[in-house]
Amino acid sequence: HLLQFNKMIKFETRKNAVPFYAFYGCYCGWGGQGRPKDATDRCCFVHDCCYGKLAKCNTKWDIYRYSLKSGYITCGKGTWCEEQICECDRVAAECLRRSLSTYKNGYMFYPDSRCRGPSETC
């Protein structure tokens with residue numbers, strides 16, 4: 001669920017998804033095209049690819065079980081879809097944390113019109 005993903009992002013990065021990631025680069029937020037702009041944007045690209053493999057799941061709204069303890073995100077038991085969505089979100093949130101040192105404020109509200117060219121394949 002998007003709100004759960006936001007909590008994971010906040011836990012890992014200490015930043016709220018909105019405004020820091022919702023419109024970042026070419027892939028953070030809805031959709032995406034072109035080449036990822038940097039490591040943070042690549043985290044979002046990989047997250048989009050992860051969700052893309054779950055076409056039969058309601059990736060944005062399915063509620064899953066997870067815990068935030070001792071500095072770690074742990075996905076809990078649930079349906080196959082819930083567990084897979086949680087893993088996509090967990091991996092992305094951890095990726096965003098690893099990319100904090102190269103986060104660029106200039107990509108925070110990056111216009112889609114500047115995301116041109118062919119998209120990479122997943």
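Glycine residues also receive a Cβ, built from the backbone N, Cα and C atoms like all the rest.
The Cβ of His1 (site 'Important for stability and high toxicity') has Lys60, Trp61, Asp62, Ile63, Tyr64, Ile85 as same-chain neighbours under 8 Å, each 6 or more residues away in sequence. Positions annotated as site 'Important for stability and high toxicity' by Swiss-Prot, on the basis of experimental evidence: His1.
Within 10 Å of the C-beta of Leu2 (site 'Putative interfacial binding surface (IBS)') we count 12 further C-beta atoms, all protein chains included. Swiss-Prot lists Leu2 (among others) with the feature site 'Putative interfacial binding surface (IBS)', giving experimental evidence as the kind of evidence.
The site 'Putative interfacial binding surface (IBS)' annotation in Swiss-Prot covers Leu3 (among others). Taken residue by residue with DSSP, Leu3 (site 'Putative interfacial binding surface (IBS)') is part of a helix. For Leu3 (site 'Putative interfacial binding surface (IBS)'), applying a Cβ distance below 8 Å and a minimum sequence separation of six or more within one chain yields no residues.
Per Swiss-Prot, site 'Putative interfacial binding surface (IBS)' is recorded for Lys7 (among others), and the stated evidence type is experimental evidence. A simple way to gauge crowding: the CB of Lys7 (site 'Putative interfacial binding surface (IBS)') has 18 other CB atoms within 10 angstroms, across all the protein chains here.
DSSP assigns Lys10 (site 'Putative interfacial binding surface (IBS)') to a helical segment in the three-state reduction. Taking the Cβ of Lys10 (site 'Putative interfacial binding surface (IBS)') as reference, residues of its chain lying under 8 Å away and at least six apart in sequence are, in sequence order, Asn16, Ala17. Here Swiss-Prot flags Lys10 (among others) as site 'Putative interfacial binding surface (IBS)'.
According to its DSSP assignment, Asn16 (site 'Binds G-45 of CBa2') is coil. What Swiss-Prot records for Asn16 (among others) is site 'Binds G-45 of CBa2', and it gives experimental evidence as the kind of evidence.
Taken from Swiss-Prot, the feature site 'Putative interfacial binding surface (IBS)' covers Ala17 (among others), and the record attributes it to experimental evidence.
The feature site 'Binds G-45 of CBa2' is assigned by Swiss-Prot to Val18 (among others), with experimental evidence given as support.
According to Swiss-Prot, the site 'Putative interfacial binding surface (IBS)' annotation covers Ala22 (among others), on the basis of experimental evidence. Around Ala22 (site 'Putative interfacial binding surface (IBS)'), a 10 Å sphere centred on its CB holds 16 further CB atoms from the protein chains shown.
Under the heading site 'Putative interfacial binding surface (IBS)', Swiss-Prot lists Phe23 (among others), citing experimental evidence as support. All protein chains shown were included, and the count of other CB atoms within 10 Å of the CB of Phe23 (site 'Putative interfacial binding surface (IBS)') stands at 16. In the three-state DSSP assignment, the secondary structure recorded for Phe23 (site 'Putative interfacial binding surface (IBS)') is coil.
Sequence annotations record features per position, and here Swiss-Prot assigns disulfide bond to Cys26-Cys115 (among others) based on experimental evidence.
In the three-state DSSP assignment, the secondary structure recorded for Gly31 (Ca(2+) binding site) is coil. Other Cβ atoms within 10 Å of the Cβ of Gly31 (Ca(2+) binding site), summed over all protein chains shown, number 9. Annotated Ca(2+) binding site per Swiss-Prot: Tyr27, Gly29, Gly31, Asp48, in sequence order, evidence recorded as similarity to another entry.
The disulfide bond annotation in Swiss-Prot covers Cys28-Cys44 (among others) and rests on experimental evidence. Listed in sequence order, the residues of the same chain lying 6 or more apart from Cys28 (disulfide bond) and placing their CB within less than 8 Å of its CB are Tyr21, Ala22, Thr40, Asp41, Cys43, Cys44.
According to Swiss-Prot, the site 'Binds D-105 of CBa2, important for stability (T-31)' annotation covers Trp30, on the basis of experimental evidence. Other Cβ atoms within 10 Å of the Cβ of Trp30 (site 'Binds D-105 of CBa2, important for stability (T-31)') number 10 in total over all chains.
Under the heading site 'Binds E-93 of CBa2', Swiss-Prot lists Gly31, citing experimental evidence as support.
In the shown protein chains, 26 other C-beta atoms lie within 10 A of the C-beta of Cys43 (disulfide bond). What Swiss-Prot records for Cys43-Cys95 (among others) is disulfide bond, and it gives experimental evidence as the kind of evidence.
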Legend entry - Cβ-centroid neighbours of Ca(2+) site Tyr27, Gly29, Gly31, Asp48, 8 Å, sequence order: Cys26, Cys28, Trp30, Gly32, Cys44, Phe45
Inset, instruction - Note down the number of other Cβ atoms within 10 Å of the Cβ of Cys49 (disulfide bond), including every protein chain shown. - result: 15
Inset, instruction - Would you mind checking how many other C-beta atoms are within 10 angstroms of the C-beta on Cys122 (disulfide bond)? - result: 10
